[in-house]
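One structure is given below, encoded as structure tokens.
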């Protein structure tokens, strides 16, 4: 199954972009959760503005859907500068990056999503740009080729990635600020759901907000998607009023259980328990057993299951925990 087809997928979906922009916080004061990140960024931004300097280059990493792009835009708004957005796979040629860099104004932000997917050639262009605000460009070809240096205005590179370990050391070491985004707790997600409901003029009870939040896998993007689907259900079944009971009914219809699991999560956990006696089981064997790519298991399914204590990664393989048996209604003695 394609990850983006899941209602609880943390991957962005194109049709959600317009609504997401409308409900996205613009300033740190509106940014809910991630208290350590918020406090640090407030200090770093104020210090840069006091010194009339560009903010240090910033790397933001963490699971998808936690607000890396949102934070990059907030930084630009707080600094009062423009932000130019691109992504690693889009920057295929050094000239593409050079064009973006030379069009930056002083202190502007260049935001590169999926920065771990930059090609080595693009990284080579970035190194002097990040360190010295200089751009090395080759003019001509063959024996007549020569290198010229262009001065760039002071700027901030903000890179976002779900796979910080895939960044090369030379690139990672050039970021002066590194921030990791963690899964959100239910209280913070409830606040996010309430804020989104207010932006969308929804009639949402506090209990209804909590019901959506607790099934959102610690991820704001999922919370906002579930809220929109619950709104649809409430519009048809309850005159647009979202109560706790209406939210529960809608989420049951969507096959999202109280833990935020869908059938793919249950399929994975059941495979470990029923086919491999609870583990340990190697990733390749597990992928074959459930018919999914190992990357999908490693990057999409496992992080939340591990964070919630349903799965353990060990040197010998994946192991189901006692919480898994309890959730599946299976006795450990069976």
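Heads up, the Cβ atoms here are built off N, Cα and C, so glycines get one too.
In Swiss-Prot this protein carries:
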{"type": "BINDING", "residues": "23, 24, 65, 68, 69, 70, 131, 132, 133, 174, 184, 221", "note": "ATP binding site"}
{"type": "BINDING", "residues": "69", "note": "Mg(2+) binding site"}
{"type": "BINDING", "residues": "294, 313, 318", "note": "DNA binding site"}
{"type": "REGION", "residues": "4-184", "note": "region 'Large ATPase domain (RuvB-L)'"}
{"type": "REGION", "residues": "185-255", "note": "region 'Small ATPAse domain (RuvB-S)'"}
{"type": "REGION", "residues": "258-334", "note": "region 'Head domain (RuvB-H)'"}
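Sequence features, as recorded in Swiss-Prot, placed on the structure.
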residue	record	DSSP (3 states)
23	ATP binding site	helix
65	ATP binding site	coil
131	ATP binding site	helix
184	ATP binding site	coil
294	DNA binding site	helix
313	DNA binding site	strand
318	DNA binding site	strand
Handout entry: Candidate binding-site residues 294, 313, 318, pick with smallest Cα gap to residue 65 (ATP binding site)
Key = 294
Practice task
For residue 23 (ATP binding site), identify the closest of the binding-site residues 294, 313, 318, judging by Cα separation.
Solution key: 294
Fill in the blank from the handout: Here the binding-site residues are 294, 313, 318; the one whose Cβ sees the most other Cβ atoms within 10 Å is 318
Practice task
Determine the most Cβ-crowded residue among the binding-site residues 133, 184, using a 10 Å radius around each Cβ and all protein chains in the structure.
Solution key: 184
Practice task
Could you state the whole-number distance in Å separating the C-alpha atoms of residue 184 (ATP binding site) and residue 313 (DNA binding site)?
Solution key: 22
Problem - Nearest-integer angstrom distance between the alpha carbons (Cα) of residue 69 (ATP binding site) and residue 294 (DNA binding site) - result: 26
Problem - Residues 294, 313, 318 [recorded DNA binders]: greatest CA to CA distance in Å - result: 14
